[in-house]
Amino acid sequence: MIHILLLFVLLSSISHASVNDFCVADLKAPDTPSGYHCKSPTTVTADDFVFHGFVAGNTTNTFNAALTSAFVTDFPGINGLGISAARLDIAQGGSIPMHTHPAATELLIMVKGEITAGFLTPTSVYSKKLKQGDLFVFPQGQLHFQVNSGKGQATAFLAFSSSNPGAQLLDLLLFGNNLSSDLIAQTTFLDVAQVKKIKARFGGRG
């Protein structure tokens, strides 16, 4: 009898999952390791599954680059689906500095211009010049970069294997904080004057 009851519960949960195969994020609720809580089905609308504004961003900044994200915080309908997207625009001479995505693999799809992209491992560097129609994959957690190596603006679309891939930019981690400049100099082999100069650019203190 117990086995029959357990089987019934299991089948009921599977049936429930097949009916509710999406979970639109309730952005008013806290984020959790497993994602956002679901909105009540009675409040879900078609608008939750549409993202507007996948257009070029403003590249007038330190990196001469812009990222237009369609992550779960921008696009609640992808919550729990293991996907997200972004648009990358890099002005001539601009770059996306070394960074990682702790929670996702990234696929770059070239749309316009030329980008030199690559990622690093402890023993190797994998880098390539990309042009329209090329794709490049950055495995999850690998330190990687994108540089506009052509003339004019470069544009690419990005796909991620998580609805919230996260990002850690090396420059901001090192120089956008209040860690002592002396400590940073000792651990990076830069001199203190160089560290302070870079910190001033990224809003760091100390």
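Cβ coordinates come from backbone N, Cα and C, glycine included.
What TrEMBL records for 1-17 is signal peptide. The annotation disulfide bond is assigned in TrEMBL to C23-C38. What TrEMBL lists as domain 'Cupin type-1' is 52-196. Feature annotation from TrEMBL assigns Mn(2+) binding site to H99, H101, E106, H144. Summarising the annotation, TrEMBL assigns oxalate binding site to H101, E106.
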Using Cα coordinates, what distance in whole Å links H144 (Mn(2+) binding site) and C23 (disulfide bond)?
31
Which residue among the recorded positions C23, H99, H144 has the fewest other Cβ atoms within 10 Å of its Cβ, if you could check?
H99
Just jot down the residues in the same chain as E106 (Mn(2+) binding site), at least 6 apart in sequence, with C-beta under 8 A of its C-beta; none if empty.
V137, F138, H144, L158, A159, F160, S161, P165
Cβ-centroid neighbourhood (8 Å) of the Mn(2+) site, H99, H101, E106, H144 excluded:
T100, F119, F138, Q142, L143, P165, A167
Between C23 (disulfide bond) and H99 (Mn(2+) binding site), what is the CA-CA distance rounded to a whole number of Å?
29
Just give the helix, strand and coil counts over the domain 'Cupin type-1' (52-196), going by DSSP.
22 helix, 59 strand, 64 coil
Within 10 Å of each Cβ, count the other Cβ atoms, then let me know which of the recorded positions C38, H101 comes out lowest.
C38
